[in-house]
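First up is the structure itself, then whatever we jot down about it.
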Amino acid sequence: MAQRRFFVGGNWKMNGNKESLEELMSTLNTASLHEDTEVVCAAPSIYLDFARSGLDSRISVAAQNCYKVAKGAFTGEISPAMIKDCGADWVILGHSERRHVFGENDELIGQKVAHALESDLSVIACIGEKLEEREAGTTEDVIFAQTQVIAENVMDWEKVVLAYEPVWAIGTGKTATPEQAQEVHEKLRAWFRANISEEVSDSLRIIYGGSVTAANCRELASQTDVDGFLVGGASLKPEFIDIINARA
């Protein structure tokens, strides 16, 4: 069994200004963070430079999205090369808000994953079902189909973290119970064992995203197949430190 390093990503989404983010970064920089936890903060693209220069080197920086090619006439998009040039090492791809607010489909997300990895960015690849899909009993069908397209575009799984984010639990205050999260993570790990390899199944970090707070993070972190979190709103608050230290 591979030892999987606990991973906590903070997705700032479209929030903050220089003043508030500087205050947040100062709080993180002076906090006692569990050394066995990998921490990544995903800043709005316009603040990537600001975040990288302002955060302690023990905290990595991610972009929240990128495009599938290196350059060109794609107004408003940013490339993995640009993200790297700002000093960031990670990118979030396939987030439910990109899928459901901006209409990104599995094929496009797969192409983005492939290009980001080719460009030497590490990827937080997101999957997850909507409430109606869970209620219809199709959770596995949905997340396995999403995972399949991502997997077709990954050559090196060492640079990928898979984030399971039930869409019904994002920003709603609803959270999957620790048992619900563990059940899905366990099924995902079994999918990788059956479809990719035993080695990838054992080593791949599968993290949970969906209204993670200081109040529920420890119980979620205690689950065997939950290897960390992708945190939204709480990553902008001091409680993010408690979430980072959920396994301390």
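Residue positions begin at 1 at the first shown residue.
Glycine is treated like the rest: Cβ placed from N, Cα and C.
What you are looking at is a predicted structure, and each value in this text was computed from that prediction instead of being measured.
The annotation active site, electrophile is assigned in Swiss-Prot to His95. All protein chains considered, the CB of His95 (active site, electrophile) has 28 other CB atoms within 10 Å.
Swiss-Prot lists Glu165 with the feature active site, proton acceptor. Reduced to three states, the DSSP call for Glu165 (active site, proton acceptor) is coil. For Glu165 (active site, proton acceptor), the count of additional Cβ atoms within 10 Å of its Cβ stands at 26 [all protein chains shown].
Of all the Cβ atoms in the protein chains shown, 26 others lie within 10 Å of the Cβ of Asn11 (substrate binding site). Swiss-Prot lists Asn11, Lys13 with the feature substrate binding site.
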Take the Cβ of Lys13 (substrate binding site) and count every other Cβ within 10 Å, whichever protein chain it belongs to.
18
Check the Cα-Cα distances from Glu165 (active site, proton acceptor) to the recorded positions Asn11, Lys13, His95 and tell me which is shortest.
His95
Round to a whole number and give the Cα-to-Cα distance in Å for the pair His95 (active site, electrophile) and Asn11 (substrate binding site).
10
